[in-house]
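The substrate binding site annotation in Swiss-Prot covers THR49, CYS50, ASN51, ARG52, SER109, GLU114, PRO115, GLN116, GLN120. Feature annotation from Swiss-Prot assigns active site, nucleophile to CYS50. What Swiss-Prot records for HIS99 is site 'Important for activity'. Annotation comment: Swiss-Prot describes GLY189, ALA190, GLY191, GLU192, THR193, ILE194 as NADP(+) binding site, evidence class sequence analysis.
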Amino acid sequence: MTLLALGINHKTAPVSLRERVSFSPDKLDQALDSLLAQPMVQGGVVLSTCNRTELYLSVEERDDLQEALIRWLCDYHNLNEDDLRNSLYWHQDNDAVSHLMRVASGLDSLVLGEPQILGQVKKAFADSQKGHMKASELERMFQKSFSVAKRVRTETDIGASAVSVAFAACTLARQIFESLSTVTVLLVGAGETIELVARHLREHKVQKMIIANRTRERAQILADEVGAEVIALSDIDERLREADIIISSTASPLPIIGKGMVERALKSRRNQPMLLVDIAVPRDVEPEVGKLANAYLYSVDDLQSIISHNLAQRKAAAVEAETIVAQETSEFMAWLRAQSASETIREYRSQAEHVRDELTAKALAALEQGGDAQAIMQDLAWKLTNRLIHAPTKSLQQAARDGDNERLNILRDSLGLE
């Protein structure tokens, strides 16, 4: 059994590739079923966010393992293998465990130490448990990563300042507009990122917020909290002209805001500027919108420059966090090795018990037939001894023939010989 982590993220792939490799929530079960149908895959978790798509797997080791999994990923998303290979990373066993712990702790995030990723990892794990988690080692790896992430946040200052993609989006808005108290903001979506954006905007006393979402009920809960108006996605075209700032983050597979829609809004606004921040993957806003005069479009990747200013205060904490991850990875791998030994011990004990039961049954049968008890017991003891020491004896003889003193010493130690 081998643990794997493979995927792409904001550091290895542009948004144009990430959106093609992402797994939409409504097709996740189908993807997991397809993944587990691969003969070498024993269990799997798919983590797909705006900044990363990763597969965490428990697999049987084989020569073409990497090729087979890359082929599956490309076939599933209809990708050219060369396009993916240049951006794909591959971590195995110790490195896979360390990678997941770093991801869950926010150490591999676009915003160092951001807390949302832990919730996303937990959701990915929960989704995989709906009939897709078939490997206890993989499950234990995720549970351990959750506790490590909690330890990192408790024992370091990695989360001391409120820095996130949502915070960066609001920072961008405040840099462009001197005051948010005179602007109207349209939020598209009502997920966790938009919730954070809405709360940041409320803290900065934005004049008006409008929330457009596919389901009104979810949006209304957020709107009641932050004092916003709720509209349907179908109303965006008509209401877009009211918005000075548009921040969008949905799970839609297709763009929600098109170039023509923005052109009409700008015309109604008499070309008064609009800021559009698209933090969705796949993108919610057609890239061509950025070519329009007075439409200033920023994607997730564009937020990197803003976010970089907030990293300095977290770097010292990150060093501490990396130490924790290294320690916890080492402990987990020791547990994993012990599990492997436990399985060997169980097999060895089962084998010995089978020999014992077989020979005992024969001895009891001989006694029932009136055989000499002392002779039967001596025969049982002799046969049991020979059967149990047969395999170790052959190993000792082979080690001696090979001149392998190290193996001889290990065998002597394991047999309790001084």
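Cβ from N, Cα, C; glycine included.
Counting neighbouring Cβ atoms within 10 Å of each of the binding-site residues (THR49, GLN120), the lowest count belongs to GLN120.
Those residues of the chain, other than THR49, CYS50, ASN51, ARG52, SER109, GLU114, PRO115, GLN116, GLN120, with a C-beta within 8 angstroms of the mean position of the substrate site C-beta atoms are GLY106, LEU110, VAL111, ILE117, VAL165. Using Cα positions, the member of the recorded positions CYS50, ALA190, GLY191, GLU192, ILE194 nearest to PRO115 (substrate binding site) is identified as GLU192. In this structure, the C-alpha atom of ALA190 (NADP(+) binding site) lies 15 angstrom from that of the residue listed as 'active site, nucleophile'. Sequence-distant neighbours of GLU192 (NADP(+) binding site) (same chain, 6+ apart, CB under 8 A from its CB) are GLN116, GLY119. Note on SER109 (substrate binding site): other Cβ atoms within 10 Å of its Cβ, all shown chains, come to 24. Cβ neighbour count within 10 Å across all protein chains ranks GLY189 highest among the binding-site residues GLY189, GLY191. For GLN120 (substrate binding site), the nearest neighbour among the recorded positions CYS50, HIS99, ILE194, judged by Cα separation, is CYS50. Same-chain residues with CB within 8 A of the center of the GLY189, ALA190, GLY191, GLU192, THR193, ILE194 CB atoms, the NADP(+) site residues themselves not counted, are LEU187, GLU195, LEU196, VAL197, SER249, THR250.
You'll find the Cα of GLY189 (NADP(+) binding site) roughly 15 Å from the Cα of THR49 (substrate binding site).
Residues THR49, CYS50, ASN51, ARG52, SER109, GLU114, PRO115, GLN116, GLN120 are listed as the substrate binders, and the farthest two of them sit 15 Å apart at their Cα atoms. Here the CA atom of HIS99 (site 'Important for activity') lies 27 Å from the CA atom of ILE194 (NADP(+) binding site).
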